[in-house]
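Visitor: Take a look at this one; I'll ask things after.
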Amino acid sequence: MSAAHDIPRRRPLLRAALPAAGLLPLVLWQIVFFVVPVALIFGVSVWRTQSYRLIPAFTFDNYIAIFARPAIWRALLLSVETAAFVTVACAVLAFPVAYFIAKKAGRWRGLLLVAVIAPFWISIVMRVAAWRLLLGERGVINQVAMTLGLTDAPMSFLLYSPVSTAIGLIYAYLPLYVLPLYAAISNIHDNWIEAALDLNASPARTFFEVILPLSAPGLVVGAVFCFVFGLGEFVTPALLGGGKQLMFSQVIQDEFQRRLDWPSGAAMAVVLLVLVFAALALSMKWIRRASGETGL
Amino acid sequence: MTERSPNAVELRAVSKVYGASAAVRDVSMEIARGAFVTILGPSGCGKSTLLRMISGFVTPSSGDVLIDGVSVLGAAPYERDTAMVFQDYALFPHRTVAQNLAFGLRMRRIAKDEIARRVEAMLELVNLRGFGDRRVSQMSGGQAQRVALGRALIVRPAVLLLDEPLGALDLKLRKQMQAELKTIHRDLGLTFVAVTHDQEEALTLSDRIAVMNGGALEQFDTPENLYRRPATRFVADFVGNANLFDARIGGGGRVAADSLPLTLDLSAAQRGGRGEGTRVALVVRPETIAVGAAAPAHHDCRVEARVDEIMFSGAVQQITGHLPDGTRLTAHQSAALPAPERGATAIFSWPGQSVWLVDG
Amino acid sequence: MNRLSFGWTLPAYSVLLYAFLYLPIVVIVLFAFDAKAIPGLPIDAFTTDWFSASLGDTRLVGSLLTSIRLALMAAVLSTALAMPAAMVLAWRPVRMKSLVLCLVLGPVVLPQLVLGLGLVVLFRAAPDLIGAPAIVLAHTTMTSSYATLMLYSRFLGFRRSYIEAAMNLGADEFTTFREVVLPLVAPSLIAVLLLAFTDAFGEFVVAWFLAGFTETLPIAIWTSLRQVISPKIYALSALVILVTLFVSVSAQVWILGQSRRECES
């Protein structure tokens, strides 16, 4: 016998089963704890409640009912507006920093990038608690502004308003926007920018005709994350937004946990999911078209 | 086992089909024990797939692979007595040089002191004495190549497989490693199967060369036969330089070239048993062609052509010319001989017995 | 460097933005030292009493330990789920791969609120699991997505020839994994564990829905935010934030260094 056969043989069946065995636990897990819960939300949204008890049914009454309540319309509109505003604000705020890190930071770029993302890992509850210290009537910002004589009375609109919610959300999702923008901008070759400038394009035209279109993929990916997360975010509006102007997520939580009307809350959750899905689908379509055009 | 097969590796009509395209088509090959065989071909010709079939990373769609006379079709790579030198070396970056060398021996559960002894001997063999404790990231390209070679050799495999082993080295280092590889092969008496796209490397290193094209084996022969007696037009063109002239075999063994004002009397051996009317191509090696005002006496094939270009490259000058109908000719002749004038008309001549025929 | 320079404006703006990102963190840490019972500017006297007070608060420390314990379980579980799956996805032809990827990545884009409520409905079928087990299960679902994504890209970048070299030298699948794959991906694995831990540790919404009587640190902070906030909360938060920053920065710097080394070799 030659040396090869000193090495023990393993059954080929086991070898063939390995890939499935590796993937199966995660897939099963995600089906039970992700697909099923989402399916349950869809299911419950067409059920009925009767004196706080769930009754299986198939009715669209919950959907009709929620759209008949103007308060819910207002909350939905406020959520979409806030998410859209936060998305635009994040894009504008993140772009120069992403550009700086990608093109000007040299060997510091790795550390600067990590430093942008690091606050994202701090518990959202703690970050929001910090903003309460900053934005309150007796908070840091008002104290400083009054000491500097910028304002006589504390600015009360800073906390418990859509403004504070927006600030909290921008703070929360800014890191998420820098990341894809950085990736897109670092893919722009300096030569292309050089070429535009050599062809006597002004810096402004170079920006609008070279840099901005080429960073579009990063802008879109960042926008999707910002918008989708901003739309469904609960902690920030609940702690910073106050109780007067409710966001959609607050209404859903209220419906579920305080009013215990699960079918109605589930129907609202489905509306939220549809919006999220629409945003994702739109961006996917755009990305697919854009990558088709450039042939990448 | 009663009788050991004389062949280290035997491929029996192996094919590999990916979807609609075949990477390897019906290749049969017998590789004798102790031989140095090179699989040569342009990129995408299926040569790497063939090597990976022997090592067990690719399962043939049909056919059989035998190592030491035993079919290894069902055997995983780690159950086969092969060792491979990878194109990118694939040295384990988290291990030292000595640990890399010892890996295969550890897998074979060889005693520790025996491993230490063989690692030292291998470091010696590949000229890396004292490098055992280095990290592989500290190795230069040539040194990493030696470690990769040593790691494969140390297990004394039935077949050593080399996938473009010298491809990542610069020219000078490559020449040096070629010589070392040849010495090691001769000293150890192992079977080497290498894959390369570099025909010069293949000609220098190998006992036998398998030329592949489009997944099929074109010819499996000694370097000399490959060069002097190519089996196909592809081999004639791919191995060395060749002037190829379409021709037809006429009556009485005479061969008439389509575009040359020539008719050749060829021996039966040269015709290779081809009958009258067969389409063929004449293979005329550039170094057999003399260019001058007159032809040497024994050069019975003579054409008059206009000289287009003379390229001097040290010992040899390459002369290209064309006939009135545009047919091009390339000749290599010693730079010691007088060069013809560019634009002038000269006699290009060669002996008829040096001509070889391939199927047109 | 290109000539499109913005002089000092770009660096100056970047400094401002970093200040914005770190302002809340600085404020929390600062107020943790404020001697006043209700923190606010100006800070007249500094004290470290709040730190000892928070560490002496059994309820607060209990919630911290609960968070650590549950996050640890979720991190280990999600990494254990993610690693084999990421290997298969990166290295083997998988039928319906995009569907599997959607399944794996879904929890990333799904609003946490919706996942939380869906799990509330699900756990009505198993009310005994409400509390610590439900929180671990939910956090594992969320963090295994990130973990799979990160490990997937690591395994995609893994040189296949290392594995082939090992198998070629006689190592079977399990030995190859133990001797070659595991040591080489260990840094990424640790980084993924750390990030999964951090994520699970800080998550609030889903945990809150499924907590029952279990109190994690974010839930404890949430509860106290609805009342008058004791500076103890800021002291503990400051500690946790500093640890979180340290862990997440080192995990990411580690990944960064790792990918850089991979590029060089």
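Every residue, even glycine, has its Cβ placed from backbone N, Cα and C.
What TrEMBL records for this protein is below:
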DOMAIN    C:64-251  domain 'ABC transmembrane type-1'
TRANSMEM  C:12-33  transmembrane segment
TRANSMEM  C:70-91  transmembrane segment
TRANSMEM  C:98-123  transmembrane segment
TRANSMEM  C:129-152  transmembrane segment
TRANSMEM  C:180-198  transmembrane segment
TRANSMEM  C:204-222  transmembrane segment
TRANSMEM  C:234-255  transmembrane segment
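Thinking about packing and proximity, how do these listed features fit into the structure?
Guide: With a cut-off of 8 Å between Cβ atoms, the residues of this chain six or more beyond the transmembrane segment (C:12-33) that come close are 39-40, 43, 46-48, 50-51, 231, 234-235, 237-238, 241-242, 245.
Sequence-distant contacts of the transmembrane segment (C:180-198) (same chain, at least 6 residues past either end, Cβ-Cβ under 8 Å): 71-72, 74-76, 78-79, 82-83, 87, 143-144, 146-147, 150-151, 154-155, 158, 162-163, 165-166, 171, 244, 247-248, 250-252, 254-255, 258.
Same-chain neighbours of the transmembrane segment (C:234-255): 25, 28-29, 31-32, 34, 39, 50-51, 53-55, 60, 64, 150, 187-188, 190-191, 194-195, 197-198, 201-202, 217, 221, counting only residues six or more beyond its ends whose CB sits under 8 Å from a CB of the stretch.
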Visitor: Going along the chain, which residues at least six beyond the ends of the transmembrane segment (C:98-123) come within the CB cut-off of under 8 Å?
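Guide: Same-chain contacts beyond the ends: 85, 89, 129-130, 134, 137-138, 141-142, 144-146, 148-149, 203, 205-206, 208-210.
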Visitor: Within the same chain, where does the transmembrane segment (C:70-91) have neighbours whose Cβ lies under 8 angstroms from its own Cβ atoms, ignoring anything closer than 6 residues to its ends? I mean 6 or more beyond.
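Guide: Beyond its ends, the transmembrane segment (C:70-91) has Cβ neighbours at 97, 100-101, 104, 132, 135-136, 139-140, 143-144, 147-148, 151-152, 154-156, 158, 160, 181, 189, 192-194, 196-198, 200-201, 216.
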Visitor: What same-chain residues lie close to the transmembrane segment (C:129-152): Cβ under 8 Å, and 6 or more beyond its ends?
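Guide: Residues packing against the transmembrane segment (C:129-152) from afar: 66, 69-71, 73-75, 77-79, 81-83, 85-87, 89-90, 104-108, 112, 115-116, 119, 123, 185, 188-189, 191-192, 195-196, 199-200, 203, 206-207, 210-214, 216, 255.
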